[in-house]
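Only one structure is covered here, and it is reproduced in the block below.
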């Protein structure tokens, strides 16, 4: 499998590096980094002061060169009635997106002894692996340690692991 990371806006090299590392580690796939793209026209909702996540998925699907493509942005994303999302993907689709905007809080609430930079890097890897998992047909998993577990807050992101549980692994083999 080939995954193309599509940076949207000015994305730090560390984010691209961590995203690539997480995907390679979990899915044993080829990963490329696409040229940076501007924020999609029409994605901004001035009433919410946020961006529509669907627009970023469409961008990744359109410009990405991979079998699976993931847009990564630092803009604040929402989807439908949700206040915000860390990421979004269509089940078995070609494109997905994650936002680092709400992953950048400095602490994991004492869950670990890691630095803020390491905590952020872990969150990026987990969310990229999670969203690409959806494009591979994986739904949310009930196992709280599985990367495919639904994580509405950074606390849940911090608690889960970067890897797929055995059940989810078997589904994509």
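One-based numbering along the chain as shown.
Here the Cβ of each residue, glycine as well, is placed from N, Cα and C on the backbone.
Copied over from Swiss-Prot:
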type: BINDING; residues: 130, 134, 140; note: Zn(2+) 1 binding site
type: ACT_SITE; residues: 131; note: active site, proton acceptor
type: BINDING; residues: 141, 146, 165, 168; note: Zn(2+) 2 binding site
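Shown on the structure are the features that Swiss-Prot records.
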residue: 130; record: Zn(2+) 1 binding site; CB count, 10 Å: 29
residue: 131; record: active site, proton acceptor; CB count, 10 Å: 25
residue: 134; record: Zn(2+) 1 binding site; CB count, 10 Å: 20
residue: 140; record: Zn(2+) 1 binding site; CB count, 10 Å: 14
residue: 141; record: Zn(2+) 2 binding site; CB count, 10 Å: 20
residue: 146; record: Zn(2+) 2 binding site; CB count, 10 Å: 21
residue: 165; record: Zn(2+) 2 binding site; CB count, 10 Å: 19
residue: 168; record: Zn(2+) 2 binding site; CB count, 10 Å: 20
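Look at residue 131 (active site, proton acceptor): DSSP puts it in a helix. Cβ proximity to the Zn(2+) 1 site centre (mean Cβ of 130, 134, 140, cutoff 8 Å) flags the following additional same-chain residues: 89, 131, 133, 138, 139, 141, 148, 150. Taking the C-alpha positions, the distance from residue 130 (Zn(2+) 1 binding site) to residue 165 (Zn(2+) 2 binding site) comes to 12 Å.
On a Cα basis, residue 134 (Zn(2+) 1 binding site) lies 13 Å away from residue 146 (Zn(2+) 2 binding site). Under the three-state DSSP scheme, residue 141 (Zn(2+) 2 binding site) falls in the coil class. Mapped onto three states, the DSSP output places residue 146 (Zn(2+) 2 binding site) in coil. It is 13 Å from the Cα atom of residue 131 (active site, proton acceptor) to that of residue 168 (Zn(2+) 2 binding site). Across the fold, the C-alpha of residue 168 (Zn(2+) 2 binding site) and the C-alpha of residue 140 (Zn(2+) 1 binding site) stand 9 Å from each other. In sequence order, 138, 142, 143, 145, 147, 148, 149, 164, 166, 167, 169 are the residues of the same chain, not among 141, 146, 165, 168, whose CB sits within 8 A of the CB centroid for the Zn(2+) 2 site. A distance of 11 Å separates the Cα atom of residue 141 (Zn(2+) 2 binding site) from that of residue 134 (Zn(2+) 1 binding site).
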